[in-house]
Amino acid sequence: QDWLALRPREPSPSQCCGGGCKPCIYDVYEKELAQWERAKAKQDKSLLTEKREQSSNSVLNPDTFTAFSVSSVEQLTEDTYQYKFELPGNSSLQLSLGQHIVLRGVVNGLEVQRAYTPISPGNAEGYFEVLIKYGELLMLASGTGLAPMLPILQSITDNEEDETFVTLVGCFPTFDKIYLKPLLQDLARYWNIRIFYILSQETSLEKLPWSYQENTYTGRLNEDLMKTIINSCRRRPFVLICGSSAFNEDMTRYLKAAGIEENSCFVF
């Protein structure tokens, strides 16, 4: 069991940016898997850390990832941040003009990698900087109000350069009345998509498939639950609302109570 816990996790297709990165996340996975298999065959866990220790001696290594510390984060605009990373000593990346690097990290429990071109000079010593742009959408849909949300969601997941975080809240009477479950489950596998379900006529989650239980609530989407969802967002979101007239009015009122003004909402 210990060895299974140490086995590298195979990336999902949504984790690959498709930009021809060297190394690709799949290249790294194959190398880490081969290393794990060798260590397991010899029952020697020290072989799993040997490579990491060696790779940390170099600033950049085309065959593996190197850990760098974030020394500062500066917010430049509402959705754009400047990240400054420390390099050991007076070392530099020594990149050619326009050359990019691949950053890898964990977001929502998924390992994500993206290519960025540093904005700092290629010969900058002791640090490098990149710009990372984020956006945040909160989608509130009741019943068939889910329909206009789906093209927006798919446009975000189809664009490998779009790093918008999306929280979709779907309100339905019962689990059986949730539309397009397979599509929604596929979308929820993307690192930047969260989906919650609110089931007004269900009294218990025990009969639901386990994959739904963690992100499903019973009852109605009320003011308190709205505040909980908004507080779970990384920043103040722009909100899209679609449902009946009564639903739209209730959501607008709850959002205002949570500090989201009308100019940050759009009602279909």
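Glycine residues also receive a Cβ, built from the backbone N, Cα and C atoms like all the rest.
Here's what TrEMBL has on this protein:
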DOMAIN    63-178  domain 'FAD-binding FR-type'
BINDING   Arg114, Tyr116, Leu131, Lys133  FAD binding site
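As a whole-number mean, the pLDDT of the domain 'FAD-binding FR-type' (63-178) in this prediction is 82. The domain 'FAD-binding FR-type' (63-178): residue composition by secondary structure is 17 helix, 51 strand, 48 coil, according to DSSP. Counting neighbouring Cβ atoms within 10 Å of each of the binding-site residues (Arg114, Lys133), the lowest count belongs to Lys133. Of the chain residues outside the FAD site list Arg114, Tyr116, Leu131, Lys133, Val130, Ile132, Glu163 have their Cβ within 8 Å of the site's Cβ mean position.
Sequence-distant contacts (6 or more apart, same chain, Cβ under 8 Å) of Tyr116 (FAD binding site) comprise His100, Ile101, Val102, Leu103, Val130, Leu131, Ile132.
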